[in-house]
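Here is what TrEMBL records for this protein:
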type	residues	note
TRANSMEM	A:12-36	transmembrane segment
TRANSMEM	A:56-79	transmembrane segment
TRANSMEM	A:91-108	transmembrane segment
TRANSMEM	A:114-137	transmembrane segment
TRANSMEM	A:146-164	transmembrane segment
TRANSMEM	A:197-215	transmembrane segment
TRANSMEM	A:244-262	transmembrane segment
TRANSMEM	A:268-288	transmembrane segment
TRANSMEM	A:295-311	transmembrane segment
TRANSMEM	A:327-345	transmembrane segment
Amino acid sequence: MLRLERQPQDSRLMAWCSPLLAIALTLAAGALLFAVLGHKPLESLYEFFLGGVKDIYSVGELGVKVTPILLCAVGLVLCYRANVWNIGAEGQFIAGALCAGMAALAGLDIDTPWYAVVIMLAGMLGGMIWAGIAAWLKTHFACNEILTTIMLNYVAYNLLQYGVHGPLKDPQGFNFPESAMFNDNHLLPVILEGTRLHGGILIAAVAVIAVVLLLRYTHLGFKITVLGRDASAATFAGFGSKQLTWIVLLACGGLAGLAGAGEVDGPIGQLTPYISSGYGYAAIIVVFLGRQQPVGAVLASILLGLTYLGGETSQIKLGLPVSLTELFQGMLLFFLLACDLFIGYRLRWIPRVHPA
Amino acid sequence: MKLKLKQLLAGLGLMTCAVMAQAEEPLKVGFVYVGPVGDLGWSYEHDQGRQEMEKYFNGKVKTTYVENVPEGADAERVITQLAKDGNKVIFTTSFGFMNATYKVAKKFPNVIFEHATGYKRLPNMGTYVLRTYEGRYVSGVAAGMLTKSNTIGYIGAFPIPEVIRDIDAVYMGAKSVNPNVKLKIVWANTWYDPGKEADAANALMDQGVDVLIQHTDSPAPLIAAEKRGGVRAIGQASDMSKFAPNAHVYSVRDHWAPYYIKVVQSVMDGTYKPQDYWGGFHEDVLQLASINDNLPADVKQAINDTYAKIKSGELKPFTGPIKDNTGKEVVAAGHALTDEELAQVNWYVEGIDDKIPQ
């Protein structure tokens, strides 16, 4: 019979193979699903995953979708490495967007494209303040950051609603809950002609490189990793765990805030009640899919971005329902969790022993 | 020479075939929905309109829709993809798609864009909106007659002009048949959220409300009213009678098909012009669905009479003199608000004891 047994050591090979296996299983299950729905499995899979990126515009759109998710995910990598369970990238994203929006609206008449820098910095600051609240609550009152960050998501969302329904509403907008459009001059520049791909992706790229270098080559990165692996060892070594908590949360808040600022000061161009379509939450999936590695997060966010775009193209080209996107994301996560079991465990065939 | 003529004829034949095939190629029409088509409210009725329109053109039109599109950065991509995919007419059916539609319309001057409930227009982009206040006025009349506690409840979505205007219409309708009527308003701050809508309904009923009118799209308030008993409720957007067989008065149904047919026909004929379209009972884009048999005869009569009067244009709800609830005259005697003025209503009529949230 088959038995599941604990391995003496986690399998490193399996840790890297598990996401690939999960993707393969998702594709297989997806093919089956398409077949059951009466579509040609291989063509449908192709349309779903690659139909959305056939031309330069679509590739740019993939970048637009990936940018905010990746920025949030890179920040979360730092937090989760340090065992700080920040579920609040969504709130930090919104706080960043809100502050960036306020800066943009305050400076509508300023006549220089460089004002975009001010807008982005305001967004970064907004995200840092939001994450800072959670850091303060954790370090001073030992509040569980999972609860505080998730609650702060709702607070940020409602602050945004208040803003666009109240003081930030477009005076010429017939009372509709939206801000005025930002000054076109202040929007992040488009870096690929004919697409909406904006400077935000460069910020995301810099963030990825910075976090890779930080974790691999610096003392601070080492301390973060030690804190995450064994908090008491970190304390023995004299690494201030409070200080590290502040650092990772502020870094994540800043990056998520930049993501929010990039959305409103890029493709959206104004404050509306719905600026995030769950980027902060999607980033959590991305971090786990990417093995809590910055480079893994890049690959995982591209994969997730493809499923979002694929959901749209398969509606347009194949007439399939939108729930398919969620189904694919759900399957991916499900198979990943299932495959992860085999990092620490293995199956063994034990022959049944018959009494003589 | 003979051979050449044959070839020529064959070539001509092929060409006519090609031309005919082109003529038979259906016109592609795209729709963008903010909710799932199964929401039984707003997006559901747009989808019903799409299906009815496609059926009407019997193979000459091929429609595509994308549902559950977030009103953030994604909308512009979805609209662009529909335009690139060869759709010649694209309906974007939520206010939050306005700026995205506007941006895409500028990039695709040969595609017609129609945006529901917005106010930005271009040579290839029109807007359309329902005179929902006509339905509300009838609802006010029905509610004013049905209420025993003289208290009507209104579940508001967001304090935008459309909703404010509808609240005014309800109150004026109710007041016309019941001088002692009071209106209580709760803001759900959502278009669709069954949980919040049920909470709002219960809060209103706890305050003595016995007729519920909702601007939100889910059947949750009707279900709550049915459960409570002794309370009446009016359905919104689609026919919601089956959710509250006893409590249901009628539903004000959005019926988009006539407008969708009109626009697509005008595009086929090459006569399309963007406009600020307002449609109501008269155009049959707004209907009263499933008037409940268990209503008292005089209420049924009043509902039908008021409906007929508004449909014929005899009754225009926003005709002066109208004062707002601070006592200021907002519509002069004898003047009926124009569509442009209706789009900017931001006052409660005299008698509504409440303030518009700012």
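The first residue you see is number 1, and the count goes up from there.
Backbone N, Cα and C define each Cβ position, glycine as well.
Any TrEMBL annotation is an automated prediction that lacks curation.
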- What same-chain residues lie close to the transmembrane segment (A:56-79): Cβ under 8 Å, and 6 or more beyond its ends? 85-86, 89-90, 92-93, 192, 194-198, 200-201, 203-204, 207-208, 211, 214-215, 224, 248-249, 251-256, 258-260, 262-263, 266-267, 276, 279-280, 282-284, 286-287, 290, 292-294, 297-298, 300-302, 304-306, 308-309
- Residue list, the transmembrane segment (A:268-288) vs rest of chain: Cβ under 8 Å, 6 or more residues beyond ends. 68-70, 72-73, 75-77, 80, 87-94, 97-98, 101, 105, 153, 160-161, 163-165, 168, 170, 177-182, 184, 187, 256, 259-260, 297, 300-301, 304, 329, 332-333, 336
- Query: List, by number or range, the same-chain residues at least 6 past the transmembrane segment (A:12-36) whose CB is under 8 A from its CB atoms?
  - Reply: 42, 44-45, 48, 289-291, 296, 300, 303, 327-328, 331-332, 335-336, 338-340, 342-343
- Query: Of the stretches A:91-108, A:146-164, A:197-215, A:327-345, which racks up the most C-beta pairs under 8 Å with the transmembrane segment (A:114-137)?
  - Reply: A:91-108
- Task: May I ask for the residues of the chain that lie six or more residues beyond the transmembrane segment (A:146-164) and have a Cβ under 8 Å from a Cβ within it?
- Result: 85-88, 90-92, 94-95, 97-98, 101-102, 130-131, 133-134, 137-138, 177-179, 271-273, 275, 280
